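> Let me give you the structure first, and then I'll get to my questions.
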Amino acid sequence: MRIILLGPPGAGKGTQAQLICKRYDIPQISTGDMLRAAIREGTELGLKAKSVMESGGLVSDELIIGLVKERIAQPDCENGCIFDGFPRTIPQAEALENAGITIDHVIEIAVPDEEIVKRLSGRRQHPASGRVYHIEYNPPKVEGKDDVTGEELVQRPDDLEETIRKRLGSYHSETEQLVGFYQGRAASGENAPTYNKLDGLRTIDVVQKDLFAILDETK
């Protein structure tokens, strides 16, 4: 069972991916992790990737697909996997298909932009411990202070509204196109992944219940 989760940053994909991994005993595959592992192990593809990256270039889709094929052939992927951060573009999705890598489920977790901004820009962190708060959903006992130490909380650069809106812009211009791509594939029928859209405004538990219902049908 190979799964792709789509949705904007902050939609809850990471949380749901962890729950899926635990329930179905499948790994979450990150292209970044694959690249780092291949470079560390000195594999042929890893050495090629290292050379490209050291020269300031972008690792090609062809090379990434090669890494994906190596990764999914490993024993822990026998029951399937969740793709994390890949594909990001239609050419990458087409490259997956052309390499004969089948996808069983594509699930979109939909959340409006303004809710994403609210979720992410409200986060505050205690740098020393990594404890994370939210000014509305999980506020500290004393505004701006860590509950344990009383030290100042900070807003990470990634959680600034300007940064969030830039990330959303990138999502809409690139990755969101995959929604239409996979909807079309699902409609085509034979050997196509299923496509489902879930309302990410609901609680984690409710979204999880719907996700599991979809995946249990074809387990």
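Quick reminder: no glycine exception, Cβ is built from N, Cα and C everywhere.
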> To which of Arg23, Arg123, Arg185 does Swiss-Prot also attribute binding of ATP at the site defined by Gly10, Ala11, Gly12, Lys13, Gly14, Thr15, Val132, Tyr133, Arg202?
Arg123
> Taking DSSP states H, G and I as helix and E and B as strand, how many residues of the region 'NMP' (30-59) are helix, strand and coil?
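Going through the region 'NMP' (30-59) residue by residue, I get 22 helix, 1 strand, 7 coil.
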> When you look at Gly10, Ala11, Gly12, Lys13, Gly14, Thr15, Arg123, Val132, Tyr133, Arg202, which the record names as binding ATP, what is the longest CA to CA distance in angstrom?
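Answer in Å: the longest Cα-Cα distance is 21.
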> Sequence order is fine: just name those binding-site residues in Gly12, Gly14, Arg123, Tyr133 with a Cα within 10 angstroms of Arg88 (AMP binding site).
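Cα within 10 Å of Arg88 (AMP binding site): none.
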> Across all the protein chains here, work out how many other Cβ atoms are within 10 Å of the Cβ of Arg156 (AMP binding site).
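If we count other Cβ atoms within 10 Å of Arg156 (AMP binding site), we arrive at 13.
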